[in-house]
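K.L.:
Copying in the features that Swiss-Prot gives for the protein in this structure:
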type	residues	note
ACT_SITE	Asp174	active site, proton acceptor
BINDING	Glu33, His34, Thr35, Asp36, Tyr224	substrate binding site
BINDING	Ser67, Gly124, Ser125, Gly126, Leu127, Ser128, Ser129, Ser130	ATP binding site
BINDING	Ser130, Glu162	Mg(2+) binding site
SITE	Arg27	site 'Transition state stabilizer'
Amino acid sequence: MDKKVINDKFTEIFGEQAEATFFSPGRINLIGEHTDYNGGHVFPCAISLGTYGAARKREDNKLRFYSANFEDLGIIETSLDDLKYDKKDNWVNYAKGMIYFLKETGHDVDKGMDIFIEGNIPNGSGLSSSASLEMLIGVIAQELFNLDIDRVDLVKLGMETENKFIGVNSGIMDQFAVGMGKQNQAILLDTNTLEYSYAPVDMGNNVIVIMNTNKRRELADSKYNERRSECETAVGELQAKLDIKTLGELDAQTFDEYAYLIEDENRLKRARHAVWENQRTMQAQAALEEGDLEKFGRLVNASHVSLEHDYEVTGIELDTLAHTAWKQEGVLGARMTGAGFGGCGIAIVDKDKVEAFKENVGKVYTEKIGYAPAFYIAEIADGTKVL
């Protein structure tokens, strides 16, 4: 989608020219799943699917929003005096939340805005359309009002919006990947300290294929918060003998030595996943750096097995995609990505085998699940930016 198309659509809706045009990516996580709220490492990257926006500042305090993805909702209007969550405002709540927290933290958003958005992240796919939107609104406000805010601080406001405004108890990974992404690089992020480094993603003759189950996931209504609470309870049990705040502080051996403190089998499985997945993530980044793509692929597979059996967040749709992908020629690794319970998986596939891969996996999935999956080639993109 180019800049002119976005600007023309803005003018058609609002009758004025936009001041600036923006793009905010979605994200995939290569490995390190359900570790972000457990103080572990994650290894995400921004992708070329995302959310486009155009905006102008107003002279009054009205906020007017229009999404080409929800045309039937028309222009949704609110104001700077009414930044409260309201179910009928639908997707605009994410925007209201970002503006609310910018103002709360002392940033001078003193006029209204007209904002047009159009995204090409499939809805409910688990590719972080909400973080994409949050960071888009943050960068729009930063640009229009010339706000002096560090990008990592903007990322934190995105997480606050998700946690405190929308009511989803998620970690910081999605907003960090979306806001801090770099073309052709993944981010190794320690969610405990927010220390991060970029790692070039050189897949050789392979591409990353995103596999969409086409089963929507509803994060707020899923078992996400339940998993988080199971892990927090496990930390409490381990604290009887260990001076830790999060599972991410433990290596696998220390965890195994003290696992007897966790009294419930399910909690033990959840905690084991968080600890071992954190180790796998660091090993995967090292393997990628060394060019050992086969080892990287095996770690990706191991991640899915752990998410399926220990964390139990996959479900028949994601398992069918991953298990079928593993059997295909030219596949180095495959796993679910994102929170799970539907959404997407990723597979690392030889470029020359992609068409056969899509056909074979699509056929098995459709026969078993009753409807077709969708496939996209992931291009690793820059974080949220002015176009």
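Every residue gets a Cβ built from N, Cα and C, even glycine.
Source: prediction; values computed, not measured.
So where do these features actually land, and what's packed around them?
P.N.:
Under a cutoff of 8 A between CB atoms, and with a sequence separation of 6+ in the same chain, the neighbours of Asp174 (active site, proton acceptor) are Arg27, Pro44, Ser128, Ser130, Ala131, Gly158, Glu162. Annotation note: Asp174 (active site, proton acceptor) sits in a helical segment as assigned by DSSP.
Sequence-distant contacts (6 or more apart, same chain, Cβ under 8 Å) of Thr35 (substrate binding site) comprise His41, Val42, Thr191, Gly248, Ala274, Glu277, Asn278, Thr281.
Neighbours of Arg27 (site 'Transition state stabilizer'), defined as other CB atoms within 10 A of its CB across all chains, total 32.
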K.L.:
What residue among the binding-site residues Ser125, Ser128, Ser130 has the most other CB atoms lying within 10 A of its CB?
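P.N.:
Going through Ser125, Ser128, Ser130 one by one, the largest Cβ count within 10 Å is at Ser128.
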K.L.:
Per DSSP, Leu127 (ATP binding site) is which: helix, strand or coil?
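P.N.:
Leu127 (ATP binding site) sits in coil per DSSP, no helix or strand.
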K.L.:
Taking only same-chain residues 6+ apart in sequence, whose CB is under 8 Å from that of Glu33 (substrate binding site), what do you get?
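P.N.:
In sequence order, Val42, Glu277, Ser303, Leu307, Tyr311, Arg335, Met336, Thr337, Gly338, Gly340 meet the Cβ cut-off.
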K.L.:
Between Ser125 (ATP binding site) and His34 (substrate binding site), how far is it from one CA atom to the other, in Å?
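P.N.:
Given the Cα positions, Ser125 (ATP binding site) is 17 Å from His34 (substrate binding site).
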K.L.:
Compute the mean position of the Cβ atoms of Glu33, His34, Thr35, Asp36, Tyr224, which form the recorded substrate site, and then list in sequence order the other residues of that chain whose Cβ is within 8 Å of it.
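P.N.:
Here the non-site neighbours turn out to be Gly32, Tyr37, Asn38, Val42, Gly171, Met173, Arg227, Ala274, Glu277, Ala339.
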K.L.:
Fewest neighbouring Cβ atoms within 10 Å: which of the binding-site residues Gly124, Gly126?
P.N.:
Gly124
K.L.:
Greatest CA-CA distance (Å) over the residues Ser67, Gly124, Ser125, Gly126, Leu127, Ser128, Ser129, Ser130 that the record ties to ATP?
P.N.:
19
